[in-house]
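As written in Swiss-Prot, here are the features:
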BINDING   15, 65, 439, 440  Mn(2+) 2 binding site
ACT_SITE  65  active site, phosphoserine intermediate
BINDING   126, 156, 157, 188, 194, 258, 259, 260, 261, 331  substrate binding site
BINDING   398, 402, 457  Mn(2+) 1 binding site
C-alpha cells in the first residue's frame with residue numbers, strides 16, 4: 001500500500017433488494033447469486049427496517065428510494081413529506097398555507113381556471129390521492145368553480161390496474177362537492193419521465209395545454225378501454241377527456257411531493273430557457289409545486305424543504321476527508337441530492353460521476369442496465385485511494401423489478417451479484433471496508449398471491465452486510481464484528497462514522513449497528529478489529 005493512501009469505506013446500495021425467504025415470485029431467491037450468498041454466510045450480517053415509521057413514513061407504508069437515501073445520508077429518521085402534507089390536510093391547516101392562498105387568490109382575481117396536476121395514486125411514493133381530494137376541498141372552500149384535474153396514472157408503485165379505482169374515487173368526490181372534473185389522463189411513463197426523454201413529456205404537456213372537447217367518455221371508462229387493449233396504468237397514452245386546457249392567467253398546482261419525476265414536466269411549463277421541445281410560453285401563469293423541485297424554478301412552493309444539519313456527507317467534508325458518489329442515471333439523484341438532504345451542490349471534497357442508463361423503453365429489455373460500467377467507475381475510485389467514503393447504487397433490482405417481468409428481474413439480480421464480486425475484489429486489494437445494504441424491497445416480490453405481476457415496492461426488511469478486509473484478502477477481521485438487531489436505515493451513517501473513527505454529531509439520532517467493540521485505527525482511517 002502506498003504511503004498516505006486511504007482504504008475507503010464503500011457503501012454499496014442494492015436498490016430494491018429486499019429480504020424474503022419464500023422462493024415464489026422471488027427473483028433474488030430464484031437467481032444464482034453466489035457472491036451475495038457466500039457473503040451472507042461468512043460475514044457479519046443482519047436485517048434492518050426500510051419502511052413505515054422506521055423511515056419517517058406512516059406505519060405499514062412501503063419505503064422508496066428517495067426516503068431511503070434521505071434516511072441513510074441524514075443518520076436520523078426523517079419525517080417524510082407524505083406525513084407533513086397529510087397532517088396539514090387532515091388538520092385543515094393547508095387552507096392557511098401562504099402559497100396555497102396566493103394561487104387561489106390569483107385564480108379568483110383573474111376569473112380563471114385552477115389546474116391540479118399529479119400522480120393519482122394511493123402508493124404514497126410520489127404523491128397520494130388524498131392530497132388531491134384535499135385540494136379539491138380547498139378550491140371549493142375558496143370559491144373557485146372551474147377546477148381541472150390532470151390525472152397521471154401510476155401502475156408502478158401500485159398494482160398495474162389500480163388506477164381505475166382511484167379515478168372512480170376522484171370522480172365520486174368531484175360529484176359530491178360539485179366542482180372539478182378530470183380533464184386529461186396520462187400514464188406516468190409519459191408525464192413523469194426523469195431521463196430527458198422529452199418526447200414523452202411533450203405528449204403529456206401538449207394534451208394538458210391544447211384544448212378540445214375530449215373523448216366523450218369518463219376518465220374511468222377510458223381507463224377500462226385501455227385495459228381491454230392491454231395498456232395498464234403506467235403506459236396510458238396522454239389523452240384529453242374533457243375541456244380545460246392550461247391557458248394564460250390560469251393557476252397550476254403540481255401535487256407530487258417527490259421532486260425527481262416532477263421536474264421535467266414543471267420545466268416545460270415554467271423554465272424561460274426551456275429547450276426540451278418547441279412550445280409556446282404560457283404567461284401569466286401562477287405555478288405552485290407541493291415541495292421544492294428545483295431551487296431555480298420560478299414557482300410557489302407550498303411545503304418548503306426541511307433543513308438538515310450535520311448529515312453524513314457534511315461531516316465527512318468538515319473533517320477534511322474526500323468522498324465519491326456514483327450511480328447510473330436512474331439513481332444518480334438519490335446518491336447526490338437525496339443523500340445530501342435535498343442539497344443540489346456537492347460538499348467540499350465530494351466528487352461525483354454519472355453513468356448513463358441505457359435508453360430503452362422498459363428496463364426488462366436491458367436488465368443488465370449499466371451495472372458493468374458503473375462497477376468500473378467505482379473500482380477506479382477505490383484504486384485512487386484518496387476517498388474515505390465511496391457510495392455506489394445499483395439500480396437494477398428496483399428498476400427491473402418495477403417492470404413485473406420475473407425472468408428479467410432474475411437477470412438483473414444476477415448481474416448485480418456478478419458486479420458485486422468484481423467490486424469487492426477491488427476493495428479488498430486496498431484493505432477497504434464494504435457495507436452492503438438496500439434502501440427498500442422490490443425484486444424479492446414479483447408476483448402477488450394470484451400470480452399477477454407485482455410492480456410496487458415492499459415493506460420487507462433489507463440486508464446489512466459488513467465486510468472488513470486486509471490488503472490481500474477480503475475476510476480480514478470482519479467475521480468477528482458483532483452486529484445488533486432491530487436497526488434501520490438511519491443507523492447506517494453512525495455506523496460509517498464509527499468505522500472512520502469520527503464523532504457522531506448530536507443531530508444524528510441513529511445508532512451504530514456495530515455493537516461495542518475496540519478498534520485500532522490505521523493511519524489511513526480504516527480500523528482493524530483487534531479483540532472483543
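Using N, Cα and C of the backbone, Cβ positions are placed for all residues, glycine too.
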To the nearest whole angstrom, what is the C-alpha distance linking residue 259 (substrate binding site) and residue 15 (Mn(2+) 2 binding site)?
18
Over all shown protein chains, what is the count of other CB atoms within 10 A of the CB belonging to residue 440 (Mn(2+) 2 binding site)?
27
Of the binding-site residues 126, 194, 439, which one has its Cα closest to the Cα of residue 457 (Mn(2+) 1 binding site)?
439
Checking the binding-site residues 194, 261 for other Cβ atoms within 10 Å of each Cβ, the smallest tally belongs to 194
Can you grab the distance from residue 126 (substrate binding site) over to residue 65 (Mn(2+) 2 binding site)? Cα atoms, rounded to a whole Å.
11
Can you tell me how far the Cα of residue 398 (Mn(2+) 1 binding site) sits from the Cα of residue 261 (substrate binding site), in Å?
16
Tell me the Cα distance separating residue 157 (substrate binding site) from residue 439 (Mn(2+) 2 binding site), rounded to the nearest angstrom.
15
In sequence order, what residues of the same chain, 6+ apart, have a Cβ less than 8 Å from the Cβ of residue 157 (substrate binding site)?
62, 64, 121, 123, 124, 125, 126, 455, 456, 457
CB neighbours within 10 A of residue 439 (Mn(2+) 2 binding site), counting all protein chains shown, number 32
Counting across all protein chains present, how many other Cβ atoms fall within 10 Å of the Cβ of residue 398 (Mn(2+) 1 binding site)?
29
